[in-house]
Amino acid sequence: MEESRESPAEHGYYMPAEWDSHAQTWIGWPERQDNWRHNALPAQRVFADVAKAISKFEPVTVCASPAQWENARKQLPEDIRVVEMSMNDSWFRDSGPTFIVRKRPVKLSSLNRNIAGIDWNFNAWGGANDGCYNDWSHDLLVSRKILALERIPRFQHSMILEGGSIHVDGEGTCLVTEECLLNKNRNPHMSKEQIEEELKKYLGVQSFIWLPRGLYGDEDTNGHIDNMCCFARPGVVLLSWTDDETDPQYERSVEALSVLSNSIDARGRKIQVIKLYIPEPLYMTEEESSGITQDGEAIPRLAGTRLAASYVNFYIANGGIIAPQFGDPIRDKEAIRVLSDTFPHHSVVGIENAREIVLAGGNIHCITQQQPAEPTSVAENGH
């Protein structure tokens, strides 16, 4: 596996949009008893449903720990690859690599692949005092292992960053939240300008849209963008929304809308906002909380906690949209309709019982990581 000391942008790489063609999707397999209830069995069924849904559109690789490999293999169809990999938890959007591509080799680049991966630093969303669990040593190696398996060049970065904290349009614009990226539990030594500079060098972006805050209740990640707002296509975003002025989310959504309405992207386009209504407020039940082993190794999951449920946390596959369903008949149906209208060339697949994932702090986008298709160089075609 090649490694490089120069920045990805110097080699011609950039992060493509999620709707660009994929080679495959990576997913981790849940097992932490202190985060997933009933020994993670209900969550495993939903993860399997997500993997199966995506596999109808593109190849899927599921990574499972040595103790869970056989169980994962049994629960998943044969066309889904299952590989053994240790992890502290199964949030591959955040512990997995950020894949980057280039259209053609750059003259002075020593790297011969048109795909590479960024291996960011990771501290379990906050480090020793604020993180979601005490030991993330296995998670730190996930990106490196995935890139080694695929023999893809690796760019390592000391900056702490999770994939769920960035969204790009593939045309130079990056969407982020101040709540997460400027949080003192991530990179306290870096200014906003320094963070932008590093993301320009590593993601190949030129401009940023900073939303002040993420989704209300998304305390685990300190307001990841992927639960709040995402690009649907260049110049168009989907924004988590509520009309209920008594819901603390209302203020956040209005604030974000104001920023977006006054923003232009890297190509000079005004941003069009499509509102994607959140479900009616969901809370962890006593029964759900009691099914989780609360042993002090991970943050407690308490009954009555507002769940960070949002339909923006969907995944774009090749020709498919894999979207969470929360058991709210009106909002679930409406989310499918809005996503179908927004992505007319994709089939929208709703995943029932996505609540099992949100009980542990994330959703479908958080558990998936796309590996883009490697662009074929013009030079390789002999033109």
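Cβ coordinates come from backbone N, Cα and C, glycine included.
Annotated in Swiss-Prot:
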type: BINDING; residues: Asp220, Asp226; note: agmatine binding site
type: ACT_SITE; residues: Cys366; note: active site, amidino-cysteine intermediate
Expressed to the nearest Å, what is the distance separating Asp220 (agmatine binding site) and the residue listed as 'active site, amidino-cysteine intermediate' at their Cα atoms?
12
Would you identify which of the binding-site residues Asp220, Asp226 has the most other C-beta atoms lying within 10 angstroms of its C-beta?
Asp226
Hey, what's the Cβ neighbour count for Cys366 (active site, amidino-cysteine intermediate) at 10 Å?
27
List the Cα distance (Å, whole number) between Asp226 (agmatine binding site) and Cys366 (active site, amidino-cysteine intermediate).
8
Which secondary structure state does DSSP assign to Cys366 (active site, amidino-cysteine intermediate), in the simple three-class scheme?
helix
